[in-house]
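Quick look at what TrEMBL lists:
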type	residues	note
BINDING	C106, C109, H110, M229	heme c binding site
DOMAIN	93-270	domain 'Cytochrome c'
Amino acid sequence: MGLGHKIRTGYAKLSFLSRLACQSHDAKTLPALPCQIMKQDGDRLGSLALFGAGVSGLLGCATVAYSDEAEHGLAVPNYPWPHQGILSSYDHASIRRGHQVYQQVCASCHSMSLISFRDLVGVAYTEEETKVMAAEIEVVDGPNDEGEMFTRPGKLSDRFPQPYANEQAARFANGGAYPPDLSLITKARHNGQNYVFGLLTGYRDPPAGISIREGLHYNPYFPGGAIAMPKMLNDGAIEYEDGTPATEAQVNLLNHPMGKDVVTFLSWAAEPEMEERKLVSIFSPLHRALCSIGNNTVEMGAEVALLKTLNLM
(Lines of atoms letter the chains of each structure in order from A and count residues from 1; the text may use other names and numbers.)
(Lines give C-alpha, C1' and ligand atoms only; values in the text may rest on other atoms or scores of the structure.)
Protein backbone atom coordinates (compact mmCIF):
# COMPACT_ATOMS: atom_id res chain seq x y z
CA MET A 1 0.00 0.00 0.00
CA GLY A 2 1.41 3.37 -1.01
CA LEU A 3 2.26 6.20 1.40
CA GLY A 4 -0.30 8.52 -0.19
CA HIS A 5 -3.09 5.94 0.23
CA LYS A 6 -2.26 5.39 3.89
CA ILE A 7 -2.25 9.13 4.61
CA ARG A 8 -5.58 9.68 2.84
CA THR A 9 -7.14 6.76 4.78
CA GLY A 10 -5.89 8.15 8.11
CA TYR A 11 -7.20 11.62 7.26
CA ALA A 12 -10.67 10.21 6.48
CA LYS A 13 -10.80 8.36 9.83
CA LEU A 14 -9.65 11.40 11.80
CA SER A 15 -12.23 13.63 10.10
CA PHE A 16 -15.00 11.17 11.04
CA LEU A 17 -13.89 11.08 14.70
CA SER A 18 -13.70 14.89 14.79
CA ARG A 19 -17.28 15.30 13.56
CA LEU A 20 -18.50 12.63 15.96
CA ALA A 21 -16.76 14.30 18.91
CA CYS A 22 -18.20 17.73 18.11
CA GLN A 23 -21.73 16.34 17.75
CA SER A 24 -21.39 14.51 21.06
CA HIS A 25 -20.19 17.68 22.75
CA ASP A 26 -23.24 19.60 21.57
CA ALA A 27 -25.56 16.83 22.78
CA LYS A 28 -23.88 16.76 26.20
CA THR A 29 -23.41 13.00 25.86
CA LEU A 30 -19.63 13.01 25.90
CA PRO A 31 -17.08 15.11 27.71
CA ALA A 32 -16.01 18.26 25.84
CA LEU A 33 -13.33 17.61 23.26
CA PRO A 34 -11.07 20.18 21.65
CA CYS A 35 -12.95 20.18 18.34
CA GLN A 36 -11.12 23.21 16.96
CA ILE A 37 -7.73 21.62 17.62
CA MET A 38 -8.81 18.41 15.92
CA LYS A 39 -10.07 20.38 12.92
CA GLN A 40 -6.72 22.16 12.65
CA ASP A 41 -4.90 18.84 12.91
CA GLY A 42 -7.22 17.47 10.26
CA ASP A 43 -6.40 20.37 7.95
CA ARG A 44 -2.69 19.76 8.47
CA LEU A 45 -3.13 16.07 7.80
CA GLY A 46 -5.11 16.89 4.66
CA SER A 47 -2.24 19.02 3.38
CA LEU A 48 0.11 16.17 4.17
CA ALA A 49 -2.17 13.79 2.27
CA LEU A 50 -2.07 16.02 -0.78
CA PHE A 51 1.72 16.24 -0.51
CA GLY A 52 1.95 12.46 -0.24
CA ALA A 53 -0.28 12.04 -3.26
CA GLY A 54 1.94 14.42 -5.22
CA VAL A 55 5.07 12.53 -4.22
CA SER A 56 3.41 9.26 -5.20
CA GLY A 57 2.50 10.75 -8.57
CA LEU A 58 6.05 11.94 -9.18
CA LEU A 59 7.44 8.56 -8.23
CA GLY A 60 4.93 6.93 -10.56
CA CYS A 61 6.01 9.19 -13.43
CA ALA A 62 9.66 8.45 -12.70
CA THR A 63 8.90 4.72 -12.72
CA VAL A 64 7.14 5.00 -16.07
CA ALA A 65 10.05 7.03 -17.51
CA TYR A 66 12.57 4.49 -16.21
CA SER A 67 10.53 1.61 -17.65
CA ASP A 68 10.30 3.38 -21.01
CA GLU A 69 14.06 4.02 -20.99
CA ALA A 70 14.72 0.37 -20.18
CA GLU A 71 12.42 -0.77 -22.99
CA HIS A 72 13.43 1.66 -25.74
CA GLY A 73 16.91 2.75 -24.65
CA LEU A 74 18.24 6.09 -23.47
CA ALA A 75 17.54 8.99 -25.85
CA VAL A 76 20.71 9.84 -27.76
CA PRO A 77 21.99 13.42 -28.18
CA ASN A 78 21.83 15.17 -31.54
CA TYR A 79 25.38 15.50 -32.81
CA PRO A 80 26.54 18.22 -35.26
CA TRP A 81 27.21 16.10 -38.34
CA PRO A 82 29.17 18.16 -40.89
CA HIS A 83 27.10 16.88 -43.84
CA GLN A 84 23.69 17.78 -42.43
CA GLY A 85 23.53 21.36 -43.69
CA ILE A 86 21.55 22.16 -46.81
CA LEU A 87 24.75 23.26 -48.58
CA SER A 88 27.01 20.66 -46.92
CA SER A 89 28.47 17.54 -48.52
CA TYR A 90 30.04 14.39 -47.18
CA ASP A 91 33.58 14.47 -45.87
CA HIS A 92 35.05 12.02 -48.38
CA ALA A 93 38.24 11.58 -46.40
CA SER A 94 36.05 10.56 -43.46
CA ILE A 95 34.15 8.11 -45.70
CA ARG A 96 37.47 6.48 -46.65
CA ARG A 97 38.57 6.22 -43.02
CA GLY A 98 35.12 4.93 -42.06
CA HIS A 99 35.36 2.21 -44.69
CA GLN A 100 38.69 1.26 -43.15
CA VAL A 101 37.02 1.00 -39.72
CA TYR A 102 34.26 -1.15 -41.22
CA GLN A 103 36.79 -3.45 -42.91
CA GLN A 104 38.97 -3.94 -39.86
CA VAL A 105 36.43 -3.81 -37.04
CA CYS A 106 32.88 -4.45 -38.27
CA ALA A 107 33.09 -6.68 -41.35
CA SER A 108 33.96 -9.83 -39.38
CA CYS A 109 30.36 -9.91 -38.06
CA HIS A 110 28.25 -7.41 -40.06
CA SER A 111 27.47 -7.62 -43.75
CA MET A 112 26.78 -4.80 -46.19
CA SER A 113 24.99 -6.83 -48.84
CA LEU A 114 23.71 -3.86 -50.86
CA ILE A 115 27.10 -2.23 -51.49
CA SER A 116 29.38 -3.10 -54.42
CA PHE A 117 33.06 -2.28 -54.72
CA ARG A 118 32.35 -0.01 -57.69
CA ASP A 119 30.24 2.20 -55.42
CA LEU A 120 33.47 3.32 -53.75
CA VAL A 121 35.03 4.57 -56.98
CA GLY A 122 35.25 8.35 -57.03
CA VAL A 123 33.82 8.54 -53.51
CA ALA A 124 36.62 7.21 -51.34
CA TYR A 125 39.06 5.47 -53.70
CA THR A 126 40.32 5.65 -57.24
CA GLU A 127 39.27 2.97 -59.72
CA GLU A 128 42.68 1.30 -59.56
CA GLU A 129 42.66 1.24 -55.76
CA THR A 130 39.20 -0.28 -55.75
CA LYS A 131 40.15 -2.96 -58.29
CA VAL A 132 43.10 -4.00 -56.13
CA MET A 133 40.84 -4.10 -53.07
CA ALA A 134 38.21 -6.22 -54.83
CA ALA A 135 40.82 -8.65 -56.16
CA GLU A 136 41.87 -9.49 -52.60
CA ILE A 137 38.69 -11.49 -52.03
CA GLU A 138 37.67 -14.79 -53.63
CA VAL A 139 34.22 -15.09 -55.12
CA VAL A 140 32.40 -18.34 -55.86
CA ASP A 141 31.11 -18.12 -59.43
CA GLY A 142 29.79 -20.40 -62.14
CA PRO A 143 28.85 -22.81 -63.32
CA ASN A 144 31.57 -23.12 -65.96
CA ASP A 145 31.28 -25.00 -69.24
CA GLU A 146 31.57 -28.29 -67.35
CA GLY A 147 28.75 -27.33 -64.97
CA GLU A 148 31.00 -26.82 -61.97
CA MET A 149 31.31 -23.84 -59.64
CA PHE A 150 34.68 -22.16 -59.35
CA THR A 151 36.38 -19.37 -57.44
CA ARG A 152 37.82 -16.22 -58.97
CA PRO A 153 39.29 -12.93 -57.74
CA GLY A 154 36.73 -10.25 -56.94
CA LYS A 155 35.94 -7.47 -59.38
CA LEU A 156 34.28 -4.07 -59.21
CA SER A 157 30.77 -5.40 -59.80
CA ASP A 158 30.93 -7.79 -56.83
CA ARG A 159 29.16 -6.97 -53.57
CA PHE A 160 31.02 -6.75 -50.28
CA PRO A 161 31.75 -10.28 -48.95
CA GLN A 162 29.40 -11.87 -46.45
CA PRO A 163 30.93 -12.79 -43.06
CA TYR A 164 28.68 -15.88 -42.65
CA ALA A 165 27.16 -18.38 -45.05
CA ASN A 166 23.65 -17.95 -43.61
CA GLU A 167 21.69 -16.60 -40.64
CA GLN A 168 22.00 -19.84 -38.65
CA ALA A 169 25.78 -19.72 -38.89
CA ALA A 170 25.77 -16.06 -37.81
CA ARG A 171 23.61 -16.79 -34.76
CA PHE A 172 25.70 -19.80 -33.77
CA ALA A 173 28.88 -17.72 -33.88
CA ASN A 174 27.36 -14.89 -31.82
CA GLY A 175 25.62 -16.71 -29.00
CA GLY A 176 22.19 -16.59 -30.63
CA ALA A 177 22.34 -12.90 -31.62
CA TYR A 178 22.07 -12.00 -35.31
CA PRO A 179 24.34 -9.11 -36.37
CA PRO A 180 22.24 -6.84 -38.61
CA ASP A 181 23.23 -5.88 -42.13
CA LEU A 182 24.67 -2.35 -42.09
CA SER A 183 23.82 -1.24 -45.63
CA LEU A 184 20.84 0.84 -44.49
CA ILE A 185 21.38 0.87 -40.72
CA THR A 186 21.30 4.67 -40.38
CA LYS A 187 17.89 4.64 -42.08
CA ALA A 188 16.58 1.57 -40.31
CA ARG A 189 16.98 2.97 -36.78
CA HIS A 190 15.20 5.91 -35.21
CA ASN A 191 17.47 8.97 -35.18
CA GLY A 192 19.82 6.82 -37.26
CA GLN A 193 23.23 8.53 -37.32
CA ASN A 194 22.97 9.74 -33.73
CA TYR A 195 21.74 6.35 -32.53
CA VAL A 196 24.55 4.40 -34.20
CA PHE A 197 27.19 6.83 -32.90
CA GLY A 198 25.69 6.81 -29.39
CA LEU A 199 25.55 3.02 -29.39
CA LEU A 200 29.15 2.58 -30.56
CA THR A 201 30.53 5.05 -28.02
CA GLY A 202 28.06 4.54 -25.14
CA TYR A 203 29.41 1.42 -23.41
CA ARG A 204 29.87 1.82 -19.65
CA ASP A 205 29.65 -0.09 -16.40
CA PRO A 206 26.08 -0.93 -15.34
CA PRO A 207 24.65 1.25 -12.54
CA ALA A 208 24.25 -0.08 -9.02
CA GLY A 209 21.52 -2.67 -8.77
CA ILE A 210 21.63 -3.60 -12.45
CA SER A 211 23.01 -7.03 -13.29
CA ILE A 212 23.96 -8.02 -16.83
CA ARG A 213 23.84 -11.66 -17.89
CA GLU A 214 27.14 -13.28 -18.80
CA GLY A 215 27.93 -12.81 -22.46
CA LEU A 216 26.07 -9.47 -22.67
CA HIS A 217 27.33 -5.91 -22.22
CA TYR A 218 25.69 -2.83 -20.71
CA ASN A 219 24.83 -0.02 -23.11
CA PRO A 220 22.09 2.44 -22.07
CA TYR A 221 21.33 3.39 -25.69
CA PHE A 222 20.40 -0.18 -26.63
CA PRO A 223 16.78 -1.19 -25.90
CA GLY A 224 16.84 -3.20 -22.69
CA GLY A 225 20.38 -2.04 -21.88
CA ALA A 226 22.03 -5.42 -22.53
CA ILE A 227 23.69 -6.00 -25.92
CA ALA A 228 25.60 -9.01 -27.23
CA MET A 229 28.12 -6.92 -29.19
CA PRO A 230 31.09 -5.93 -27.02
CA LYS A 231 32.70 -2.51 -27.20
CA MET A 232 34.65 -2.44 -30.46
CA LEU A 233 36.02 1.10 -30.79
CA ASN A 234 39.05 1.30 -28.52
CA ASP A 235 42.19 3.41 -28.58
CA GLY A 236 44.54 2.21 -31.29
CA ALA A 237 42.09 -0.38 -32.61
CA ILE A 238 43.23 0.49 -36.14
CA GLU A 239 45.90 2.57 -37.85
CA TYR A 240 44.54 5.09 -40.32
CA GLU A 241 46.33 5.35 -43.65
CA ASP A 242 46.40 9.15 -43.44
CA GLY A 243 47.88 9.19 -39.92
CA THR A 244 44.72 10.39 -38.12
CA PRO A 245 44.90 9.26 -34.45
CA ALA A 246 42.43 6.45 -33.81
CA THR A 247 41.28 7.66 -30.39
CA GLU A 248 38.42 6.48 -28.21
CA ALA A 249 37.76 9.69 -26.22
CA GLN A 250 34.19 10.86 -26.86
CA VAL A 251 33.94 14.49 -25.79
CA ASN A 252 32.56 15.33 -29.22
CA LEU A 253 32.60 14.12 -32.80
CA LEU A 254 36.05 15.53 -33.53
CA ASN A 255 37.51 13.73 -30.51
CA HIS A 256 36.15 10.38 -31.61
CA PRO A 257 37.29 9.95 -35.21
CA MET A 258 36.60 6.22 -35.36
CA GLY A 259 32.96 6.65 -34.35
CA LYS A 260 32.50 9.74 -36.54
CA ASP A 261 34.20 8.14 -39.55
CA VAL A 262 32.37 4.82 -39.50
CA VAL A 263 28.99 6.54 -39.04
CA THR A 264 29.81 8.92 -41.90
CA PHE A 265 30.63 5.89 -44.06
CA LEU A 266 27.39 4.15 -43.06
CA SER A 267 25.40 7.34 -43.71
CA TRP A 268 26.88 7.55 -47.21
CA ALA A 269 26.11 3.85 -47.81
CA ALA A 270 22.46 4.37 -46.86
CA GLU A 271 22.12 7.63 -48.80
CA PRO A 272 24.77 7.83 -51.55
CA GLU A 273 22.64 10.22 -53.62
CA MET A 274 22.44 12.88 -50.89
CA GLU A 275 24.90 15.30 -52.49
CA GLU A 276 23.25 15.03 -55.90
CA ARG A 277 19.82 15.52 -54.35
CA LYS A 278 20.98 18.67 -52.58
CA LEU A 279 22.40 20.07 -55.82
CA VAL A 280 19.14 19.36 -57.61
CA SER A 281 17.10 21.01 -54.85
CA ILE A 282 19.29 24.12 -55.07
CA PHE A 283 19.66 24.49 -58.84
CA SER A 284 16.30 23.15 -59.99
CA PRO A 285 14.35 26.28 -58.96
CA LEU A 286 17.04 28.45 -60.59
CA HIS A 287 16.85 26.38 -63.75
CA ARG A 288 13.07 26.70 -63.86
CA ALA A 289 13.34 30.46 -63.37
CA LEU A 290 15.86 30.77 -66.21
CA CYS A 291 13.73 28.61 -68.46
CA SER A 292 10.72 30.76 -67.68
CA ILE A 293 12.66 33.91 -68.55
CA GLY A 294 13.93 32.27 -71.73
CA ASN A 295 10.46 31.20 -72.77
CA ASN A 296 9.12 34.68 -72.20
CA THR A 297 11.99 36.14 -74.28
CA VAL A 298 11.33 33.69 -77.12
CA GLU A 299 7.63 34.46 -77.09
CA MET A 300 8.33 38.20 -77.13
CA GLY A 301 10.77 37.76 -80.04
CA ALA A 302 8.19 35.77 -81.98
CA GLU A 303 5.60 38.49 -81.46
CA VAL A 304 8.03 41.19 -82.66
CA ALA A 305 8.88 39.14 -85.76
CA LEU A 306 5.19 38.69 -86.53
CA LEU A 307 4.52 42.41 -86.22
CA LYS A 308 7.45 43.20 -88.52
CA THR A 309 6.11 40.73 -91.05
CA LEU A 310 2.77 42.47 -91.01
CA ASN A 311 4.53 45.87 -91.40
CA LEU A 312 3.03 47.01 -88.14
CA MET A 313 6.34 48.10 -86.68
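Cβ from N, Cα, C; glycine included.
Apart from the site residues C106, C109, H110, M229, the chain places the Cβ of V105, A107, S108, P179, L182, M232 no farther than 8 Å from the centroid of the site's Cβ atoms, the recorded heme c location. Put simply, the two farthest-apart Cα atoms among C106, C109, H110, M229, the recorded binders of heme c, are 11 Å from each other. Its Cβ taken as reference, M229 (heme c binding site) is surrounded by 18 other Cβ atoms within 10 Å in the chains shown. Mean pLDDT for the domain 'Cytochrome c' (93-270) in the predicted structure: 93. Residue with the densest Cβ environment among the binding-site residues C106, C109: C106, by other Cβ atoms within 10 Å. Taking Cβ-Cβ distances under 8 Å and a sequence gap of 6 or more within the same chain, the neighbours of H110 (heme c binding site) are Y102, P163, P179, P180, D181, L182.
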